[in-house]
Amino acid sequence: MLKICTPGGGQGQGEQGASFLSADPRKKQVTVFDPSASGYVTSANRKAGTSAPKMFAFDSVFTPDDSLTELCASSLAEIVQAVVAGADGCLFTYGYSKLGKTYTMLGTDQGPSSLGVMPCAVAWLFRLINEQKDKTGARFSVRVSAVQVTGREEKLRDLLSDIGQGPPSGQGAGDGARTRDKRVPADLRTYSLATVR
Ligand SMILES: Nc1ncnc2c1ncn2[C@@H]1O[C@H](COP(=O)(O)OP(=O)(O)OP(=O)(O)O)[C@@H](O)[C@H]1O
């Protein structure tokens, strides 16, 4: 799955994208042009050493104009269902700095339509689990991990290590959950979900 972003999260370039990139979300493909070819290759610039456009196919392609809701709807159904069926699931975002990886994963707290992929996944996971419990009486245990991989050395950082220590004393479960959310660093990257039946 590919999400095309503009640095700083700006919207509005839509399908056009930058001149070296053309995205076709319907066909689920992007074409990358040699920038020196201005979007197409003529026989003249091929002779001058310009590379031919390259096309890449993905399971899905999203442009900066696509909402988080659209992204969640398209990307989460399969993985959440698989996790409820007992498989491990991994949500992973990759890209260079300030492209919106954290925004895509976490979203904002401005309402249901601005939820990122992770809160959506957790909400859908527990909704499905509750449905299964009501239907079959099955019992579930959910395991979650969140890891950030950074730098050339590919350092691993456990983003939930603070949470293992529980909420500060004197706080109820609800307050604790909020405190824990705040402690999750802004550059969250990888999450995995698993259920044991
Ligand atoms: N689709 C979007 N709509 C609105 N704002 C966005 C969008 N995507 C990203 N932003 C904003 O752009 C800025 C950079 O995004 P973000 O922090 O998610 O990037 P990042 O890829 O996680 O960066 P880094 O790798 O440096 O941690 C943030 O202020 C974020 O809120």
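Note that Cβ sites are derived from N, Cα and C of the backbone, with glycine treated the same way.
What TrEMBL lists as region 'Disordered' is 1-20, 160-184. TrEMBL lists 1-197 with the feature domain 'Kinesin motor'. Annotation source TrEMBL lists ATP binding site at G95, Y96, S97, K98, L99, G100, K101, T102.
All protein chains included, K101 (ATP binding site) registers 20 other Cβ atoms within 10 Å of its own Cβ. The Cβ neighbour count for T102 (ATP binding site), using a 10 Å radius over every protein chain in view, is 18.
With the fewest other C-beta atoms within 10 Å around its C-beta, G95 stands out among the binding-site residues G95, G100. Note on L99 (ATP binding site): other Cβ atoms within 10 Å of its Cβ, all shown chains, come to 18. Across the domain 'Kinesin motor' (1-197), mean pLDDT in this model comes to 76.
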